Structure formats: C-alpha cells, structure tokens
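Chemist: So that we are looking at the same thing, I have put the structure below in structure tokens.
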Amino acid sequence: MADQHPHDHDIVTRPAIAMAGTGCDAEQYAALYRRSLDDSDGFWAEQAKRIDWITAPTRIANWSFDPVDIRWFEDGVLNICHNAVDRHVEAGRGDRTALIFEPDDPSGEVRKISYAQLQREVAIFANTLKKLGVAKGDRVTIYMPMVPEGAFAMLACARIGAIHSVIFGGFSPDAIAGRVEDCRSDWIVTADEGLRGSKRIPLKANVDTACDKVPVKGVLVYRHTGGDVAMQEGRDHWYHELSADVSRDCPCEPMQAEDPLFILYTSGSTGKPKGVLHTTGGYAVWTETTFRYVFDYREDEVFWCTADIGWVTGHSYIVYGPLLNGATALMFEGVPNYPDHDRFWQVVDKHKVNIFYTAPTAIRSLMREGKDYVTRHDLSTLRLLGSVGEPINPEAWRWYYETVGKAKIPVVDTWWQTETGGIMITTLPGAHDMKPGSAGRAFFGIAPQLVDGDGKVLADEATGGSAEGNLCITRSWPGQARTVYGDHDRFVQTYFSTYKGKYFTGDGCRRDDDGYYWITGRVDDVINVSGHRMGTAEVESALVLHPKVAEAAVVGYPHEIKGQGIYCYVTLNAGDEPSEGLEAELRQWVRKEIGPIATPDHIHFTPALPKTRSGKIMRRILRKIAENETGSLGDTSTLADPAIVETLIETRKNR
Ligand code: WTA
C-alpha cells in the first residue's frame, strides 16, 4: 500500500520563533501524544484542570462507538460562560481586552471590550433573554452579523443554560425556517441589518419571512445599522428597549458536563442539514486545549480568526477557545476585498495582530491580486499563521508562508469538522516541521485510521507507514459531537455505520511515512465551496422545487479560487425550453432557497441524465465531465443510454 508522493519530502523547517509558550517541543509532543492514548483518562483529567469546575469530574471518558454513546467528564458540573468570562475578571484580569471589533467600514468605530465589560454585557444579555421568557434547555436561534453582540448572545445562552443555534447570516429565510422548525426554537436573536463590503444584509426582514412559515414566540432585535425594519407587536422587541431596565447581575447556571451547549446545522451527503449537538464539559476542555497548544497563545497577544460566528470555526476559535484562554480575539465584520484587496493586512497592521487564522479560499483570492497589497503594510507583529476549512494547495501555502509570513513564522494547517468541535490534525508550531499541503500530525488524543472501501485497515498510528484511504477516527475525544439533535439514529447512521465501531469523517486522506496526514477532500456528496460546506443533495432539492425543473444532479468541480464550484445538471419538464433567462432564474432560485453561498456556478441543461438500467444516476460520470476529465470516464457500459454521455461532453459549460 505504500504510495510515496513527491510532496512527502517537501519539508519546511519550523522557524525558531516558534519555540512554544505552551512548552511543547518535538520530544514533549511525542511523550504527550503517547500518554494521551495510553493514559487517556490521566491526560484529559490533567487538561481539564485548566477549567473551573463547580464539581470536578471524577469520571473522565465513558464512550462507546457501538452502540454509540459518548460522554466525557460526566459527573462534572461547570458553566462555560463563567470559564470564558467571569473567572478572568475574578482573577484580576478584568481590564484585559477580550474582543476587538473592527467594523466593515474601515473608518467606522473600533470597539475594544474588556473582560469586565464583557461580563456586564453578557449578564445584561442573559437577563434580557430571561425577560423574554427563555429558560434553561430552550433553543435560541441566533442570526446575527459579525458584531460583538453575536458573541454576547451565544455566551448569554451558555450562561443561563439555553442551547444556541447560530445560523450564518448568508442563509435564506427558508433555511432559517427549516432550522428553527427542526430544533423547535421559540426565540430568535437578530439585528436590523448586517454589513458586508458596504452591502446591507436584510437580517430582520429575512427573519420575518422565515417566521411567516414557522412562527416563533419572540424575536429580539439588535439595532446595528439603524435601517428600517418592521416590528411585529407582541413578538418583536428591540434589544436596547427590553434590556434597559434588567439587572446587571446574572448568575451562571450550573450545568452538567453533558448538558447541551449548542446545535450547529451542517450539510451531509443526504437530506436536510443536520443539527450537530455539542455538550458543555468536553467542548470546553477541547477548545481550551486545542487553542492553547495549536496557536501557542502568549499573554497579551491579539488573535484573529477571520471566520464568521455562524460556522463552527467562529464558535470554537473566535468565541470559546480564545475566551477560555483569556485571550484577545479580533472580530471583523467585513470581507477581505473591501474597500480594497489589502483589508486583511491593513487590519493586521492596525490592531497589531499576532496570530492570524484564515481559509485557503481567502488566501487564493488575495494571492491573485499580487504581493503589493501585502508588502505595503507592516506585518511584523505576526508570529503565527493558520489555515482551515479545506485543503490548501502547496502554491497557496507557499505564498502565505513567504509573502505574508516572510518565511519567518510557522503556518499551521488545521484539519477538523463541525462534528469534531475543534482541531484534530495539525502541526504544533514548536514541535513540528511543516509540509506545504499537509495538515500535519494527529493532535493529542486523536487516533486517525485509514481504511479501504471494505473497511480493511491500511494505516494508523499503531501500524505506522504510508497509505491512502478513507479517514476514520477510532476513539472518542472530548470535543466530539454527541448526537444529531432529535435524531440519534441519523447520527449513528451517518458517522458510525459505514465502518462499524469507528467515526467516519467523510474525507479521503493519505498518511506518509513521517505520520503527516494529507487530506484529499470529501469522498461523499459533500462539496466545499469557498470553505463553506454544502450537500449536493440540498442544491438538488432546491432546484427540483422550481416548476420547470424535472430532475437535477449537482456535483463539485475544481475551482481556482473557491476550491470547488457548484455544477448543476438540469433536465426540464416536457414543453419547457432551456434559455439564458431560465439559467439566471434558476441561479436566483437557489439563492432564495438556500442562500447566496449556494449560488450555482454552472447550470447545464440536458435532455437526460446518465443513468444505469436500474435508474441510478451515475454521478461519477457527471463529476468527470464537470472536471473536464472526459478522457477517463471509465466504464459506461452499464448506462441505459450511453449516447447521453456524448451529448453532455459536447454541451459542457466550463470549458
Ligand atoms: C474540510 C470546518 C483539508 C474537510 C472546520 C472537512 C479541510 C470539512 C481542512 C469540514 C484542512 C476542513 N484541510 N480539508 N485543514 N479543514 N477541511 O464542518 O473536508 O465546515 O470534512 O468544518 O472541511 O467542514 P466544516
């Protein structure tokens, strides 16, 4: 199985600057990693000591992947908001900056929120939620722009034991309605409008449309832009009005370690997005520990993760991970190319950012604009760079390392998922050399395994060696998702049934002889568009809702900037004709159904789809045609009508 790859030997030595504040060099990594597997309970009990527990846990790990039942620290009692906020104030660090807010408009007002202020803001937010009627265990939907109040809302829920479900601001009213309905959320927190690259996003209006479909008891509206919105009597409340007279003190609710903390909807290969459920204790320990070791955070540094709080990266590395560590996290409302292509670097310079964490799609799009945008700014405060969300191609890695990092500071390429709660595979800055394009080594407690289609083990940490296969994780870790909200069977089915007794990630991966993992991308029908995860089935369902569409098949194809683009094959109902107008209409239709992030790149009208004689769509062929790999279509003899393949090749869209 050993399949060496030329990239395996392309090694970038870790820069000396990286000798870690967390004290993890190569030897310590090896020892800690071994202990994290051999004495898992001892290792995690020790990590858990950095959390303030109301009742310290005595049971550490208690999990099984068959049947699926995952618990960590189960007899521990804590409140994660207390750990992220109050305890830093109590330790005399209240003056430290918790959040720096950089607005969309570069001349707008920067806000610096100290831990003491954060404590006050979160308590007021929590009391306002209570006044609205929110109680422990209730689901609260948060549909907010990238402003500190979004983080306040999340922490306020955690403070009172409510379960937050954050929805990215780029999702449509239908997507909101589906998620509100799925977790039976009676409350929505939103803002009048969001701002991105000077464009206004009608958040409240979207919520109104969603509520026409799925009514809720209360909508709390934060005034951000001052834009005009309709307020429905009895249901809608301005945050500044409702919060005006609430108490500034709000005790933190004691939570069992396994009490739910949040639900986050994510796409899979089939059906509607799943509400992945994370619980309190394990998630706290996991985000605290991964942030500490991977970013090697040092006192007073400014950490900037460019994700949105609507995605898991924002949950774990804008809000919980940094704040649990008492760090200063920067929150950026805008986009990388507004007002110009140097906005990121201008912000790094302006706020003296030390650690910068972004996605390959952003790196690729900025790379295209040339070096000058980077070199005109002073980036000398940067000490560490990070990448997340999709595979980073070696060329983009090099540009990031050399042009942004001046070949002096480490790059950590962190592989993880909504379901994993935090970083799973990465290099550690003080411990590992880097290989451009490889995510690196297994983090503490993580046991990756590569298996073939039949489940045969090809390589893992015990066997060592190189192989390429499907990536599974064979043991639980504290930050692992516990279930799909309201549908444990779906959780078991999706993640633990392909390879019984193992968590299957859905990703393909290669391990090299040095124990570095190279993620090759999804092996299921999930695509990764600009770092946004999407199920092709979701786009298909949206398309077939259109009255003229008979059938749709959606696949990903390589896209220079976005990583993957969305390619849709569409057949129309008898009597309906393809046209440019209809193409534009369908694009708009998908935006309306799911949101702008799902906008199709190509719509390819075709009289029929390639199907087997039993009626199964042959996606493999559709993928090849979209990828322009028409020379290697493989066996087409099982097709009911092989001629359709020729037609598809002739009419291909993205030549
Ligand atoms: C992909 C985002 C390669 C992968 C944190 C995974 C990556 C999916 C990397 C999860 C990386 C994430 N290298 N691929 N460093 N990070 N992925 O749930 O396919 O939005 O399964 O979580 O993104 O996406 P999700």
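Cβ atoms here come from the backbone N, Cα and C positions, even for glycine.
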Chemist: Per TrEMBL, what member of Arg376, Arg490, Arg533 joins Gly389, Glu390, Pro391, Asp413, Thr414, Trp415, Trp416, Gln417, Thr418, Asp507, Arg522 in binding ATP at one site?
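Modeler: So the ATP site in TrEMBL includes Gly389, Glu390, Pro391, Asp413, Thr414, Trp415, Trp416, Gln417, Thr418, Asp507, Arg522 plus, from the candidates Arg376, Arg490, Arg533, Arg533.
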Chemist: Within 8 Å of the Cβ centre of Val544, His546, Val549, which other residues of the chain have their Cβ, at the recorded Mg(2+) site?
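Modeler: Checked against the 8 Å cutoff, the neighbours are Ala542, Leu543, Leu545, Pro547, Lys548, Ala550, Glu551, Ala552, Val570, Leu586, Trp589.
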Chemist: Pop the Cα-Cα gap between Arg591 (CoA binding site) and His546 (Mg(2+) binding site) into the table, whole Å please.
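Modeler: Between the Cα atoms of His546 (Mg(2+) binding site) and Arg591 (CoA binding site), the distance comes to 12 Å.
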Chemist: Kindly report the helix/strand/coil residue split of the domain 'AMP-binding enzyme C-terminal' (538-616) according to DSSP, in that order.
Modeler: 24 helix, 27 strand, 28 coil
Chemist: Rank the binding-site residues Arg196, Lys199 by how many other Cβ atoms lie within 10 Å of each Cβ and give me the one with the fewest.
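Modeler: Looking at the binding-site residues Arg196, Lys199, the Cβ with the fewest others within 10 Å is that of Lys199.
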Chemist: When the pLDDT values for the domain 'AMP-dependent synthetase/ligase' (91-474) are averaged, what is the result?
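Modeler: Overall, the domain 'AMP-dependent synthetase/ligase' (91-474) comes to a mean pLDDT of 97.
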Chemist: Could you give the maximum C-alpha to C-alpha distance in Å for the residues Arg196, Gly197, Ser198, Lys199, Thr313, Asn337, Ser530, Arg591 that bind CoA per the record?
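Modeler: Binding-site diameter by Cα atoms for CoA: 24 Å.
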Chemist: Rank the binding-site residues Ser198, Thr313, Asn337, Thr418, Ser530 by the number of other Cβ atoms within 10 Å of each Cβ and report the first-ranked residue.
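Modeler: Going through Ser198, Thr313, Asn337, Thr418, Ser530 one by one, the largest Cβ count within 10 Å is at Thr313.
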Chemist: How many angstrom lie between the most widely spaced Cα atoms of the ATP binders Gly389, Glu390, Pro391, Asp413, Thr414, Trp415, Trp416, Gln417, Thr418, Asp507, Arg522, Arg533?
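Modeler: Largest Cα to Cα distance for the ATP-binding set is 18 Å.
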Chemist: When neighbour density is defined as the number of other C-beta atoms within 10 angstroms of a residue's C-beta, which of the recorded positions Arg522, His546, Arg591, Lys616 has the lowest density?
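Modeler: Looking at the recorded positions Arg522, His546, Arg591, Lys616, the Cβ with the fewest others within 10 Å is that of Lys616.
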